[in-house]
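What follows is a set of notes on a single structure, which appears directly below.
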Amino acid sequence: MTTPLSPGAAAPRPAPPRAARSRRSWTGWGFLGPFVAVFALVFLAPIGYSLYLSLFRDRLIGGNTFVGLDNYRQALGDERFWAALGRISLFLAVQVPVMLGIALLVALALDSGRLYGRDFFRVSIFLPYAVPAVVATLMWGFMYGTRFGLVGDVNDALGVSLPDPLSPGLVLASIGNIVTWEFVGYNMLIFYAALRVVPHSLYEAAQIDGAGQLRVITAIKLPAIRGALVIATIFSVIGSFQLFNEPSILQPLAPNAVTTDYTPNFYTYSLSFNGQQHNYSATVAIVMGLITMAIAYVVQLRGMRKGG
Amino acid sequence: MAPPAVTASGPSAAVPSGRPRSAPRLRAPRRRHSADRPRRSVLLTLLTSLVLLYSLVPLVWLAFSATKTQEGLSRSFGLWFDGDFALWDNIGRTFTYDDGVFTRWLLNTVLYVGLGAGGATFLAVLGGYALAKFDFPGRRAVFAVVIGAVAVPGTALAVPTFLMFSRMGLTNTPWAVIVPSLVSPFGLYLMWVFATEAVPAELMEAARIDGAGEVRTFFTVALPLLAPGIVTVLLFTMVATWNNYFLPLVMLKDPDWYPLTLGLGSWNAQAATAGGEAVFNLVVTGSLLTIVPLIAAFLLLQKYWRSGLAAGSVKE
């Protein structure tokens, strides 16, 4: 919860006790060392290694040669990469607002105290978060199926023919639905936790001033949870840019609709493991990482500025 | 929360959101205010129920489908039983199909979760404690680098990590999955915030005066106080490793080392390959068996993840 933790965020800077300062230096490292060692091995080293890889290229003649920024030049002119990035941007622009919107509405409903069975709602809507992406995708993939899925059942029962969710035109929306299903509850919980610590005296003051529910939401609740909204948006953006599991599991079920360069991450994977183009794959991953970080940064900056 | 609760939860009551003691205390003032709170609304409950249905229907579908034979899956309505109740038969076949490879995947998953999530939690607890309670050169730099790393798309690292590990001869071994799981920046952050509030410096000082060494102080004084935070971090690293798909997909070639997620994916893909046997009823049953332990853990440990998730996500 926010209030309990806000001192936590500020405290560590002045915190270290005077007595500990005398033994400044090695004790702390003894505890932190193991984490840092593994962190260096699985975070820093791969980043360094992929930077190195991105500057080389395997050639038939001459073997592994230094090519400078050639790989980057190739990536920036790579239509398949841009197509994947465009697809994911469209996904991001639609799925993230829908998901966060639903999560926010449910969180506001829970927080309003007007629901019957609030705890049941909270736990049940969060439950999909515990389902692995693989299982979620398999489940939805089957349900989408016109053969033995729910879509087929509805078609039979009502005598209609719904469009196939796994057709090329709809598969992106279908993936969006799976991701939304997985993470609505998670985001709802983040918003709800932030709402819970808004001081009630504010609501009472608003009530005395004659403010309606809607006004309380727009004037008090939403500004109060801005931090949570920004964080949830950043996490969702990062998550969307990394999209891989859902399209890759759906591929056997929808081979015509999902290509191996469907998302940037899928493309990197295919380059490396089907095409053996490790150097180029590392380059695309770096470009993608930079774009993700830039967008996360912009979201944070905008969120904070509005807050200022 | 009502004002009295907020003032009460100053530094001393800061962390105990996970401690049972605080639950009634936080709830009591709430009830007092319910008088001037709006009445419960049937309409709002119904509207929210739409989202509830959306969340639960797929799980219900999965539970019903696990009771059906392969033919039953296609001929019966998804949200009800088919004529033959084949759940036990499905479970039996899931565990015996392909020489019981599912059991092997289950044990692999337990191994990866046990060592990966357990190790990640242990490292995060040690590191968080160090960041919270000690001053040492490079402390701020370490923290900045680790928090910055959270923004690096994890999957962007998978390919270079694979290439690096294959040079080191680690790919296609359990270590390739376990070692990268050992680092949880989120867990470190959570433990840092948690330890700052939960372990009073006076207690550590008292232990030192009594002649306890740093290691002993950590294990006897700090560790018990950190327990609620440890459970939270453990739960979330467990979910992350149990659900991991991309990392093992990249690292492992040999199906004998697959975790459940990868195995289920391969059973599903099998139907699409030439001459592959379609075993959708086993994919469905296996999926149900895969999620049952996690859902049970989440339901049983509710009070921990609620406060833990709130702590990390709101303040990060």
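These residue numbers are counts, starting from 1, taken along the chain as shown.
Even glycines carry a Cβ here, placed using N, Cα and C.
Copied from TrEMBL, the annotated features are:
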REGION    B:1-34  region 'Disordered'
COMPBIAS  B:22-34  compositional bias 'Basic residues'
TRANSMEM  B:41-64  transmembrane segment
TRANSMEM  B:105-129  transmembrane segment
DOMAIN    B:106-301  domain 'ABC transmembrane type-1'
TRANSMEM  B:141-163  transmembrane segment
TRANSMEM  B:175-196  transmembrane segment
TRANSMEM  B:217-242  transmembrane segment
TRANSMEM  B:278-301  transmembrane segment
Exercise. Among B:41-64, B:175-196, B:217-242, which stretch has the highest count of C-beta pairs below 8 Å with the transmembrane segment (B:278-301)?
Worked result: B:217-242
For this session: Could you tell me what the rest of the chain brings near the transmembrane segment (B:105-129), counting residues at least six beyond its ends with Cβ under 8 Å?
Result: 174, 177-178, 181-184, 187-195, 199, 218, 222-223, 226, 229-230, 233-234, 237-238, 240-242, 244, 248, 257-263, 289
Exercise. The transmembrane segment (B:41-64): which same-chain residues, six or more beyond its ends, come within Cβ distance under 8 Å?
Worked result: 78-81, 284, 287-288, 291
